[in-house]
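> Sending over a structure as structure tokens; questions will come in a sec.
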Amino acid sequence: MENLANALVVLSNFVIIPALAYGSQLALGALGVTIIVAVLRFSNFAHGELMSFGAMSAVFAVWVLQWLGISIAPLSTALLALPVAIVMTVAIALLTDRFVYRFYRVRKADTVVLLIVSIGVMLAMAGIIRFAIGPDDRVFDDGVRFIISVADFKALTGLKEGLAIRTSQAITIVMAVLCVGFVFWLLKYTRIGKMMRAYSDNEDLALLSGVNPDQIVRWAWVLAATLAAIAGTLYGLDKSFKPIVFQQLLLPIFAAAIVGGLGSPVGAVAGGMIVAFSEIALTYSYKKVATYLLPEALQPDGMLQLLSTNYKYAVSFIILVAVLLVRPNGLFNGRPS
Amino acid sequence: MTQRWQGILMYAIMAVMLALVGIIQGWSNALGILNLCLISAIMALGVNIQWGYAGLLNVGVMGFAALGGLAVVLVAAAPVPEALAAGGAGVMWAALIMAVTVVVAYGVWKLLPPSTARAWALVAVAAVGSVVAGGFYFPATDAIEAVDPSLQGYLGGLGLPVLVAWVVAPLLAAAAAWFIGKIALGLRADYLAIATLGISEIVVVTIKNEEWLTRGVKNVVGLPRPVPTEMEVRVMSGFDRLVAWTGLSVNELSSIVVKLGYTALFAAILCALLFLFQLALHSPWGRMMRAIRDNEIAASAMGKNVTRMHLKVFIIGSAIVGLAGAMLVTLDGQFTPGGYQPLRYTFLIWVMVIVGGSGNNWGSVFGGFLIWFCWVQAEPVGVWLLESATAWLPDGSGLRAHLLNNASQIRLVLMGAILLVALRFMPRGLFPEKTGV
């Protein structure tokens with residue numbers, strides 16, 4: 001019995017909690033991607049950079065706050081900086097829309113053209129971010145590191161294995177639940193949410209019913225940019241802020257959005273969790289779990305690791321391929337292909 | 001006719017700019033830029049045949065270029081017999097077992113009706129196959145990597161002439177393109193973009209980590225060259241007279257001669273491809289591709305199999321990118337998996353195609369030249385601009401140091417801005433596609 005408890009603790013510590021946190025970050029990113037697909041009808045390749053921009057704004061705001069001596073210890077200053085990051089990210093998103101994307105929207109340009117435009121935005125934004133903050137790694141979490149540390153947990157339960165919950169992980173999961181709840185409430189019950197869904201389902205009918213497309217597009221960007229800023233900041237808080245990482249996150253985020261079904265908010269959240277859990281579950285070494293569960297005679301020699309962590313992005317890709325082969329519209333039926 | 005003269009004028013300006021670099025920064029430098037311009041132009045041609053002819057979004061250019069580079073290692077690197085003896089058989093068995101697994105999985109897929117049972121059967125087949133293959137694979141690769149790790153530690157290549165790799169590279173890239181195209185073509189256009197982005201990341205991760213195959217980030221150096229080395233040039237008969245005649249130093253002149261050799265090779269391939277692509281563009285096949293691009297529904301109503309044609313053109317374009325990737329590694333003489341960055345290998349090529357003019361081969365070639373030139377020259381110019389702009393700041397200023405440190409990032413902003421400006425004000429590019437030909 002104790003062995004089982006120990007095995008479960010190991011599993012939670014190294015698989016379930018990190019995957020929940022990572023999945024939350026992916027879900028928030030994918031939700032932003034999917035909102036843009038639903039309303040503006042193109043895959044925004046600059047979304048990773050939008051997240052990066054949000055995280056960068058948060059880092060700058062944290063520096064200013066620290067310089068001013070303002071803190072909300074024991075929590076991380078980044079939480080205080082988050083509103084600033086959101087405002088900055090929304091501003092940059094609305095500016096790019098006004099000066100870049102609107103031109104093509106008005107002309108009803110092909111979605112593929114908009115995709116290429118977003119590549120241009122991505123390049124420019126990546127350059128600006130790296131120019132402003134530099135390409136290096138930056139750790140900006142200054143709060144208490146652990147809610148429960150391994151030693152506390154061991155003392156509390158008397159188990160051999162410890163469970164550590166990092167503050168950043170807890171914050172990530174709580175924030176993600178709040179954000180997802182807010183977005184769903186907004187889409188389901190508010191006037192603007194209903195207009196958004198109507199516009200997404202059938203543009204012409206929505207316009208005939210008096211929906212103002214400019215307003216819808218503005219709201220879509222506000223939502224997507226807010227989610228991007230939060231996701232980016234949380235990711236940076238959980239790991240560290242490094243501009244190049246967000247470019248690599250593009251694949252898991254799009255995989256999450258497509259797995260769930262592009263344009264489907266529920267799908268984006270589910271997809272984020274599916275991608276994160278498969279990624280971490282497949283690259284975790286189960287040797288320690290096995291030592292508790294299997295009798296000594298059956299103990300394996302190897303690491304019991306299905307895939308080296310270097311190949312974590314391959315997991316997103318395999319999931320993506322499987323979904324494209326079996327259910328190209330995604331598990332939650334997004335926009336038809 | 002005016003359009004033709006405009007084009008000739010632009011090429012002439014490009015030639016003058018390269019000549020200016022030659023005069024100011026030295027001819028060896030200028031030829032170095034020219035060689036990379038030629039390779040960029042070939043890559044841009046490959047992307048153009050996908051995007052310009054058929055409207056397919058390939059966001060995985062980097063992956064196909066890397067596969068081309070891998071082909072050079074596999075074909076031309078010197079073989080390592082000890083490594084082959086240590087683990088060659090194990091790797092072969094693992095590959096064989098994986099191949100059998102794929103065949104069995106395909107059989108299960110085809111024979112069983114779609115159901116949950118089929119899904120589990122597939123998972124089971126894949127799991128059993130991977131575990132059995134892994135049993136051979138891991139000991140074998142460990143053994144290979146243990147063979148003289150500081151110098152070798154990999155299987156090596158076949159030791160064939162490097163030009164053979166230029167034939168193998170397109171085939172390797174084409175195989176990857178077939179796999180991706182089969183999955184993602186015929187679905188929404190952005191799925192192909194994401195899928196190609198994915199495969200390119202996987203290819204690069206694989207070549208970085210599979211040390212038994214590519215030495216990973218330890219790089220494969222000293223790949224054979226298709227042209228004589230500087231040392232060989234120096235002892236050629238008549239080289240002394242050339243030195244006396246040009247008045248250049250021996251170092252400089254030998255480097256110029258070697259680079260000219262590469263230039264001749266690359267230019268010959270570029271000309272051949274350009275000729276073939278122009279023929280294709282004006283053939284019934286080219287007209288059909290454009291018809292499909294402009295109206296898929298109408299084209300399929302005329303009996304054209306759109307997905308099949310897309311697959312063909314996607315494979316051809318990717319093969320060309322693979323060839324360019326192989327040429328690049330040949331030029332460098334080394335394979336550096338850590339150097340494959342999507343910004344440099346995927347998105348820069350896209351800027352070339354869009355700026356040059358989608359659907360126009362001459363435009364893509366020009367775009368390759370122009371954008372590579374700007375990319376190379378933007379860094380020194382950016383540093384210089386920032387240095388002058390921040391000259392008023394005190395010497396020890398942290399802000400100044402920060403700005404100068406990150407000056408090289410300016411060229412990303414520049415490339416993004418060029419792409420956006422081109423799309424907005426010149427969507428058909430510098431060399432607009434000729435319509436109604």
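Cβ coordinates are placed from backbone N, Cα and C, and glycine is handled just like the others.
Okay, so TrEMBL annotates it like this:
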TRANSMEM  A:20-40  transmembrane segment
TRANSMEM  A:52-73  transmembrane segment
TRANSMEM  A:79-100  transmembrane segment
TRANSMEM  A:112-133  transmembrane segment
TRANSMEM  A:169-187  transmembrane segment
TRANSMEM  A:219-237  transmembrane segment
TRANSMEM  A:249-277  transmembrane segment
TRANSMEM  A:313-332  transmembrane segment
> Using Cβ atoms and a strict cutoff of less than 8 Å, what residues sit near the transmembrane segment (A:20-40) while being 6 or more residues removed from its termini?
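Same-chain contacts beyond the flanks: 47-48, 50-51, 101, 105, 114, 168-169, 172-173, 175-177, 179-180, 183, 196, 199-200, 216-217, 220-221, 223-225, 227-228, 230-231, 234-235, 238, 249, 252-254, 256-257, 260, 262-265, 267-269, 271-273, 275-277, 279-280, 334-335.
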> Under 8 Å, at least three CB pairs between the transmembrane segment (A:169-187) and the transmembrane segment (A:112-133) (pairs 6 or more apart)?
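Contact criterion not met.
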> Please figure out which one of A:79-100, A:112-133, A:249-277, A:313-332 racks up the most CB pairs under 8 Å against the transmembrane segment (A:52-73).
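The stretch I would name here is A:79-100.
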> Using a Cβ cut-off of under 8 Å, list the residues of the same chain at least 6 residues beyond the transmembrane segment (A:112-133) that approach it.
40-46, 48-50, 52-53, 56, 59-60, 92, 96, 100-101, 104-105, 241, 243, 247
